[in-house]
Amino acid sequence: MACLLLLLLLSLTHVAMAAAAGAGASRCHIPKDDGSTLHVLHAFGPCSPLGQYASWEDRVADLMGRDESRLAYLSSLAVAATGSASVPVASGRQFLQIPNYVIRAAVGSPAQSLLVALDTSSDAAWVPCFGCVGCTSATPAFDPARSATYLPVRCGSPRCTQVPNPTCPAGATACSFNLTYGGSSVQAALAQDVLTLASNVVPVYTFGCMQKVTGSSLPPQGLLGLGRGPLSFLSQTRDLYGSTFSYCLPSFKSLNFTGSLKLGTTGQPRVIKTTPLLSNPRRSSLYYVNMTGIMVGRKVLDVPSAALAFDPATGAGTVVDSGTMFTRLVAPAYMVLREEFRRRMRAVGPVTSLGGFDTCYSGSAVTPPSVTFIFTGMNVTLPPENVMIHSTAGSTACLAMAAAPDNVNSVLNVFANMQQQNHRVLFDVPNSRIGFAREPCTSA
């Protein structure tokens, strides 16, 4: 089975961008792809063309705001109506992606290099296309006219009938569609072409070719959904990768460091603790798992069972997600965790807040108690750097978790990417399991 090693080059989440912009830019170096290795950078890091920040505080506030939108998106998926098919180009809500890691892929013949975001909670595939009105100029765009293998999906085809709001005016032969979400709208064409990841080639891949965008809700780069729906990337490449992948996300302690994403069954860890994947027919792409408890130190917290229970009817439960930055817990679970965490940190000093973080402390030597998430069949104990986020100067440290937004759809606990860092996370769809193992993946 083919195995694709994607080398992640990510950037420090809590860098003071104003200070680092000049010095950091001179150190930015993204090597060329070689063989089966793809290089990846953090979507909003100092080496990224997608955005810069004036200060650490601005960065934290913005990422927390993006997480609010991300959680609303995940909740909307969880309560989607039954019978709706998972499709390569999804509804307006599915376009509200805030993924943190991007790779360089290529589309077309000859291949055109693009930035593509990795997202475990989406089945969608789309890229900004040349001439797209409203798409950012900061990212490369795909030009269908330069590809000899580009093929519009025809009106009346099964794929066209599955996209949201398909548009086929009288006399038209090519399928297009329109989406709206909040203050944003999208007009795109449904198409097929060759997708290349390093030396691996997917000869026919279905995706949305974005033609017009209004509003600011959409991410600027393309999207490669790693969800487990029937028309996701995993399904379209089942013969190549066997619906199996894993990644290790590096810590945010250095400006330049590496991690890896492996596609396929070859090279995956042989010894790893796993928990069963749960199936939600209302949203088959989400990676639901059964979280049964939380520990702070050695104390098992008295979390109400209803706060952790899996319920396909409402979408409640726990999902593992690569696109959310900070873990979110439904309010009853978060309040119990926060109060025990604060109790054990009383000697550190008074509690302050910063943006969406409500449990922060001053000082450069803040050592948090251990936090363990208990799942069926495995425990995941977070190292200190996965528990608290520190300011650049080290003068402030905050518990890097928060309560889910207070609305009727926010019934999800989301185990997010900061809490996953420096772990090998295995997504084994054929065997319906997900696994965690500690793995330092930060290079010197």
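Numbering starts at 1 and runs along the chain as it is shown here.
In case you wondered, yes, glycine gets a Cβ from its N, Cα and C as well.
A TrEMBL annotation is a machine prediction, not a hand-curated record.
Annotated active site per TrEMBL: D119 (among others), in sequence order. The number of other CB atoms found within 10 A of the CB of D119 (active site), across every protein chain shown, is 26.
What TrEMBL lists as active site is D321 (among others). Its Cβ placed at the centre, D321 (active site) has 25 other Cβ atoms within 10 Å.
Summarising the annotation, TrEMBL assigns domain 'Peptidase A1' to 101-437.
The signal peptide feature in TrEMBL is assigned to 1-18.
Separating the Cα atoms of D119 (active site) and D321 (active site) is a whole-number distance of 8 Å.
If you average pLDDT over the domain 'Peptidase A1' (101-437) in this model, you get 87.
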